Structures are given as structure tokens and as C-alpha cells.
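Participant: In case it's useful when we look at the structure, here is the feature table from TrEMBL:
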type     : residues : note
ACT_SITE : Glu55    : active site, proton acceptor
ACT_SITE : Lys155   : active site, proton donor
ACT_SITE : Cys188   : active site, nucleophile
DOMAIN   : 15-282   : domain 'CN hydrolase'
Amino acid sequence: YVAAVYEHESILSPAPAVPVERRAALELMGRNLDIYEQQVLAAARQGAQIIVFPEDGIHGFNFTRSSIYPYLDFIPHSHSGKWNPCREPYLYNDTEVVQRLSCMALQNKIFLVANLGSKQPCERWEPRCPPDGRFQFNTNVALGADGALLATYRKHNLYFESAFDTPAEPDHAFFDTPFAGRFGMFTCFDILFYEPAVSLIRQYNLKQIVYPTAWMNQLPLLSAVEFQQAFSTAFNVNVLAANIHHPTLGMTGSGIYTPVKSFIYHNMESYGGKLIVAEIPVITADYKTNLEKTPGRVSGKGKEQSPPSFYAEMMYDNFTFVPLWGEKGELQVCANSLCCYLNYQKAVLTDELYALGVFDGLHTVHGTYYVQACALVKCGGLSFGTCGQEVTDATALIDFQLWGNMSTPYIFPLLLTSGITLDFADHMGWKNNHYFLSKNRTSAGLLTAGLYGRWYEKD
């Protein structure tokens, strides 16, 4: 099927914390919706059957709870597909934004997924009803090619969003299409948690995911395109990911991902939006990764001197590292119950410093979640203290096998190369209670090869 995602440089309110009238809010959102309209038309002309827009693309961000209120639409929370906002605008008040989106879908005969703010009145005596008598949600809507509202999803894992409430129960949101079956839907930070992302995929055996996001890139392990690809690979799903485009805030990185090929956009230099359109296969059956060529055991090291281990901060966590010295070698580094192993050979010798790092613990900065990670990274400079820094360019081509005795089945394989480009492993998967990732000759200089494990039970 043909899918489209649009990385949108949203027109932002100059003073988001200052309250405005609904009319002024609609005027600002209308300017973003004008751009959406052009992109829907462009995508439809290229044969796209579905288009996905980013989180916060219509209203922007940095609001307070009260200042965002005029930007909120009323969205009835149901999965019925009974309401067509374009054809029945009179059914509910304050639905101007979803009406416009619905009409775009209808006029271009395309499925459309967008993110907006929504409100839902509640009685003050209701449990969890906020003091101002309303819930405010970060909401995705999915609209059919006839304009009907097919599904809504209210973001569960909020990321410092004081303007919004968390729904009482995680939404499991999905909708059906004639061209690719069922699509699941969640937003941004949700991708790192069991609920609703993993549980939705497992419960409904989903193979297609739509994913609006407003993601701030964090190298070396959580750049948007890097993790979106890893998620697609880990769960064997297609992911249609639309990010916002604000390079000054570190926000870029969208794509259409299959487990074996990606169509991505990552651009920290220029401004303006970007439409990606790609034809991808519908995933039906699970395919198993071939693991025949991975070693069962590491050979003993003999009398070689093992390089010294050292500590450095990476992703706000205290990683234990060992450096890669020489053109080839076998390394091991452990922390808590996790041991990471690396066999490597540098195909091109450079004076860059690389290190193998391990972390097994609770991550506590910008969210709390338990991580088990094995990562081969290029350091920022030639001293140990630079390992774990954000690096975007590398020249070393390295053949490697990386593996670890991970305690969780949820492993996201990362393979990032120079210029924030993606590569695909030759082999990966489980063998003898170890997860393996191997690659002969990356297509460009290696930035990160990692196993990012999420141990959800220990959050």
C-alpha cells in the first residue's frame, strides 16, 4: 500500500502561556491546517491511501492548562465511526478543527491521522474530575476516506505536559482499512512503555502502526529515526511516524518503516516541512530472523591484556565502558546481571575512539523506566570522558557481533551510521538466552550499534 507521513514545521503561538479567545486560537490553527490541506492533496496525487501528521502540529506547545483551553476541540470518545464531522458539523459544538480534517480526508478520499487537543466536560463529583470541571487530552483522531471518525486515542504517557490529563485507563485505539487491515495508534513517549504500545500490538496482533510524535532527539540511543526503526524491527510491524520539524529544539526525524527497509527524513539544517510517500508491503505473517551464523560461545581470550573499564555518563545514566583498542578484538563488560560481549574488526582504521558500554538499571531523568542496554558507540573525542556524548559523524567501518544476556524479551536493535542514517543488521535475534546483533561492514561510519532492552516489569 502507499503511505504518507508529513514532518510539519508548525506555526507556533508567539505567547502560548497568554490566554486568547477561541477565534484567535482557530485563526492560528487554521494556518497550520492550510498547510495540512496542501500536503493531503499532494499525498493523494502521489497515490497515498493514508497520511499521518505529527503530535502538536496544529496547536503547538508550551501551553498552560488554562491557556490551551481555547485550542481544544470537543471529540466524542468512541470507536463507532458513526459520526462524520465534515457531513454532520452540527452534531457537536467546538469541532472546527476535526471538521476540517474530516473534509480533507473526504475530499481526497484518503485515511487521515492527526493530533489535536480535546476537551471533555465532567462533573466535579466524578472521581478524577479536575477542579475546572473538564478533562483535557492530547488526542489522535483517525478519519476514514469518507471523512468518518474511526478512532480516537488519548495519550497515556505524557511527557511534561501540564496542560493535559492522563485518561483513567489506557486507550487501545485501532481502525480498519481495506488496503492494509488494522492499524494501531499511539503517541510519542508511549513508544517506550508497555501500555498501551506493546499491549495493543500483542493483544490485537497488529502489523501496522500510525505514530504522531513531537520527539526531541537524544543521541546516541534515542534519536527519533533510530528508535522508530528499532521499534518496527523489534515487533515486526510497519510504522508510519510523523515528527514535528523544529531543529532549534532538536526535533526532526520521521519515516515510513518496515522491518527490512526504511524511508526516512532527518534534517537538523534546513527549515520547512517534508512529505514522505512510500509504497510498502502489508505485513501478514511473522517472519523469524535467521540466526544460523551467530556463534554459540565466545572463545577464551588467552593471555591478551583486556583494556581497562571506565565509567561515563550516557543518556543521563552511568554506563560502564571498555574501549576498543586495536583493529580487532573480543570484549566483555558487565553491570549488575547484564554482560555485553563484542567481537569486532575495524575494516577501515581511523583515529576515532569507540567503546562498548553496559547499563542495567532504572533510568530516572525525563521519565522513569528500567533499561538494560549494550551499546557500541563512537566517543565524542579521544578521551574516555567523551564516551556517551552526542556524535553525528563517523568514518570507521566496523564488522561486529554484539550480544548480551538480556533478562527481558523486549530488545530494540539500534544501528545508526554517520549523518544520522540507518543501516540494517545481517543477523539478529535470540540464541542460548543471549540476544545477538551482527553486521559485516556498515554502509557508512558507525555511530551506534546497540541492544536497548526495556524491562517493563521493573518500572
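Quick reminder: no glycine exception, Cβ is built from N, Cα and C everywhere.
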Participant: How many whole Å apart are the CA atoms of the residue listed as 'active site, proton donor' and Glu55 (active site, proton acceptor)?
Facilitator: 10
Participant: Taking the Cα atoms as reference points, how far is Cys188 (active site, nucleophile) from the residue listed as 'active site, proton acceptor' in Å?
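Facilitator: Cys188 (active site, nucleophile) and the residue listed as 'active site, proton acceptor' have their Cα atoms 7 Å apart.
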Participant: Please compute the mean pLDDT of the model over the domain 'CN hydrolase' (15-282).
Facilitator: 97
Participant: Which residues, sitting 6 or more apart from the residue listed as 'active site, proton acceptor' on the same chain, put a CB under 8 Å from its CB?
Facilitator: Asn115, Asn138, Lys155, Thr187, Cys188, Pro212, Thr213, Ala214, Ile244
